[in-house]
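Some features that TrEMBL has for this protein:
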DOMAIN    12-45  domain 'Centromere protein J C-terminal'
DOMAIN    85-113  domain 'Centromere protein J C-terminal'
DOMAIN    122-155  domain 'Centromere protein J C-terminal'
DOMAIN    160-187  domain 'Centromere protein J C-terminal'
């Protein structure tokens, strides 16, 4: 069977050109061209000359598509980097993590557990968890967490606040003071030691 395969592959070569620098160019019967360089690098040009595949001796592979998309596979890292003509770059890692780098500076990372993290050029960071939780971190460090059950938590340098779907809002200030505003209009304020200082109904 191996001899048969070898004979078939030899039949595919229509023309073979050997250059002085050690480069060998083969023209196959189907019209493809394969150029083998002295260092072991192989360059294959498609029949329509619109797709080029370069196989490096270290196992890396670079493919240039007809639309000028460049796909580069790093063998050692088992990582694929795709650069699109519009400026979008996509990295695919062996653990199934995918990173997208957009021309406007935005980055989107999709983790193997399907968590999605977006980093925007204005400094905003958003993380979308598979359970429906969304975490937003502003450039100044302010953080908001929106839970699937409708609750919302806000963390700033001045306070931590929890907002409930029924309209109740609980706030803990950096000095330890606690304030609870109920949906009924009732307001309770406790000092840093937990003593009730206001209970307005």
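Including glycine, each Cβ sits where the backbone N, Cα and C put it.
Within the same chain, residues 67-69, 77-79, 119-121, 130 sit at least 6 positions outside the domain 'Centromere protein J C-terminal' (85-113) and bring their C-beta atoms closer than 8 Å to a C-beta of that stretch. Helix, strand and coil content of the domain 'Centromere protein J C-terminal' (85-113), in residues and according to DSSP, is 0 helix, 12 strand, 17 coil.
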